[in-house]
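> One structure, pasted below without further comment.
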Amino acid sequence: MDVLPVVIGILALGIGVQIVAKRLRIPSVLFLIIIGVIVGPEGLGFVTIETFGDGLETIVGVSVAIIIFDGAFHLRRDELETALQSVGRLTTVGAALAFTGTAVAVRVFLGTEWDIAFLVGALLVATGPTVVTPILEVITVREHVETALEAEGIINDVTAAVLAIVIFEAVVVGNSPESVPVEFLQRLVSGIGIGVVVAAVVWFLLVRVRPPAGDAPQMARLVTLTGALVAFGLAESIFPETGVAAVATSGLILGNVDLPHRDEILAFNRDLTLVVLAFVFISLAALIDFDSLIGLGTGGIAVVVAVTLFVRPILVALSTTDPHFSREERLFLSFVGPRGIIPASVATLFAIELETAGQFEAAQTLAGTVFLVIFITVVIQAGFARQIAEYFGVIPMPTIIVGGGRVGRALATRLENRGENVVIIDESEDEVERLRQDGYTVVEGDGTDANTLEEADIERACIVAATTADDDTNLLVSQLARTKFGVETVVARVNQPDNVDSFEALDVQAIDVASATAWSLDNEIERPALAHWMNELGEGHDAQEITVTATDLVGSTIAELDAEIPDGVIVGVIARDGETHVPEADTVLEEEDKVTFLGREEAVRDAVRRFHPHD
């Protein structure tokens, strides 16, 4: 079969799947792997291992480089700091446990030689952005949980690729097992070094060698992409399977330096990632040989059970002792660790090499085990990630905004910038489409209809804000939220001052537009410095009110908590039993106190995470 129609068909299917997945709020990898099986030799036979010939390895390699670079570029230092200790353990202690635990399971349940068992163990260390990113696109979790999943996936992809090639060379080429640690470090350092050099060159070109203003955004996108591919290709030409280390390093560095047109680069990388992810996942899923999976028998299922229900929960429990993680969040991380492209692509390459060397049984066991774990974890853990998250209650309670106009959009932007889980309801099809294009979570429908509110998950909502230009609509929304669904905090925009009493009769916080405008003008006149500071929240400084949930801090005085409060932050006020006061040094913190922090934006965020680690 001609390759061009196959490529176009795969791309069309992949992009179509992305659209459907976003609409249904289901991770796209579930559909991609199913479509891959359907179009592969086990299904319609449109895609086989001969379709792309020797070019498949190159296509997959370049695609993986783009995906990993995008994931690393997206990972910011301030995000890493939210779960730094846990990320460190997941990528060291956790990776070691995944490696040894998986190898032991393969040895015990499949009876393979230790060398093949360790090879499988090395490959299955990886989770990776190819499966984690689609999950996080449709599921909102707290920042430290998201960071742990993303960072673990990127770093362990590097570990898996480098460790696997070193072990493979010991198995096939006959290198001494004692050389494995040295070879691993040599390749890892080589990849990281190349990544650092390429990142420095890209930074110099974008910051010091400025292109014409009109061409600058385009050049920034192209130079960054070229840098990622050069890092990958250069590292691969020196040591095979070190390209992932190079692109991950360059992506992480460039994502955390001040680059011009960063937002355009991010958007460009994400679009490319969606395209290549769809292509690679479908192509590799088409190579799944169900005969080899079935040939593993009950031993294969036992390996999957051991890896997913024993090894993964143990390594997560040992790695996430940080108090920021609740028990439910640890359980979520334990049962959402699907494997992705790196183990699939490398296992395919290794299986071919093993068959060439005459080790047919080892090749079948390697490919079969890796693909079985990938298939089951993608279908169950990725496909049902939302249901798993809902079961353990790790999706933050939503804030529902009824009305997607200027007021609703501005409010949503402020709340999302603070990490809130925002859902907007609007009945205008055009407005809904614009909001979705801008990345907001939107439910199309009438906000005064109980079914629409239920679709927006009002039963879990902590706040409902009615922001339309119609007071009757806002009043009905407020009444439903307060009386039918029992939402604790209901806020409403009141366009006509005479209607304020009707809202307050429902115990709704009514924001009279005229009074709010007058209050803002008065602040500008009497308290201009404070007014400017408050109006520019999120631009280097912030003010946030939280409810104290960190039980280990309860019972301590403000003076005793000084070490727990980051530099650059003050406790402005504490609200308790309906009364608000400025705390003194001997004020004792109590559970459920409402504390307002003022100060530098990052420091305020750190304080919020420490005093309010979970809902």
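Using the three backbone atoms N, Cα and C, a Cβ is placed for every residue, glycine included.
Where the annotation comes from TrEMBL, it is an automatic prediction and has not been curated.
From a predicted model like this one, the values you see are computed outputs, not experimental measurements.
Okay, these came from TrEMBL:
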DOMAIN    396-515  domain 'RCK N-terminal'
DOMAIN    531-614  domain 'RCK C-terminal'
TRANSMEM  6-22  transmembrane segment
TRANSMEM  29-49  transmembrane segment
TRANSMEM  55-75  transmembrane segment
TRANSMEM  87-110  transmembrane segment
TRANSMEM  116-141  transmembrane segment
TRANSMEM  153-172  transmembrane segment
TRANSMEM  184-207  transmembrane segment
TRANSMEM  271-288  transmembrane segment
TRANSMEM  294-319  transmembrane segment
TRANSMEM  331-352  transmembrane segment
TRANSMEM  364-385  transmembrane segment
> Which of 29-49, 55-75, 87-110, 271-288, 331-352 shares the most C-beta pairs under 8 angstroms with the transmembrane segment (116-141)?
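Looking at each of 29-49, 55-75, 87-110, 271-288, 331-352 in turn, the most contacts to the transmembrane segment (116-141) are made by 331-352.
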> Against which stretches of its own chain does the transmembrane segment (6-22) lie, if we need a Cβ under 8 Å and a gap of at least six residues from its ends?
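Answer is 28, 30-32, 35, 39, 46-47, 51, 134, 137-138, 274-275, 277-279, 281-283.
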> Using a Cβ-Cβ cut-off of under 8 Å, list the residues of the same chain that are 6+ residues beyond the ends of the transmembrane segment (294-319) and lie near it.
86, 89-90, 93-94, 97-98, 101-102, 105-106, 109-111, 124, 330-331, 333-335, 337, 364-365, 368-369, 372-373, 376-377, 381
> Sort the residues of the domain 'RCK N-terminal' (396-515) into helix, strand and coil with DSSP and give the three counts.
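Once the DSSP states are binned, the domain 'RCK N-terminal' (396-515) shows 55 helix, 27 strand, 38 coil.
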> Look at every Cβ pair spanning the transmembrane segment (271-288) and the transmembrane segment (55-75), keep those 6 or more apart in sequence, and say whether at least 3 of them are under 8 Å.
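These two stretches do touch.
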> Please work out whether the transmembrane segment (331-352) lies in contact with the transmembrane segment (55-75), by counting C-beta pairs under 8 angstroms that are 6 or more apart in sequence and asking whether there are at least 3.
yes
> Using Cβ atoms and a strict cutoff of less than 8 Å, what residues sit near the transmembrane segment (55-75) while being 6 or more residues removed from its termini?
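Non-local partners: 49, 128-130, 132-133, 147, 150-151, 153-154, 157, 224-225, 228-229, 231-232, 236, 243-244, 247-252, 254-255, 265-266, 269-270, 272-273, 276-277, 279-280, 283-284, 341-342, 345, 348-349.
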> Given a Cβ distance threshold of under 8 angstroms, which distant residues of the chain, six or more beyond its ends, lie next to the transmembrane segment (29-49)?
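That would be 1, 6, 9-10, 13-14, 17, 20-21, 56, 130-131, 134-135, 277-278, 281-290, 338, 340, 348, 374-375, 378-379, 382-383.
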> Could you give me the DSSP helix, strand and coil counts for the domain 'RCK C-terminal' (531-614)?
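For the domain 'RCK C-terminal' (531-614), the helix, strand and coil counts are 22 helix, 27 strand, 35 coil.
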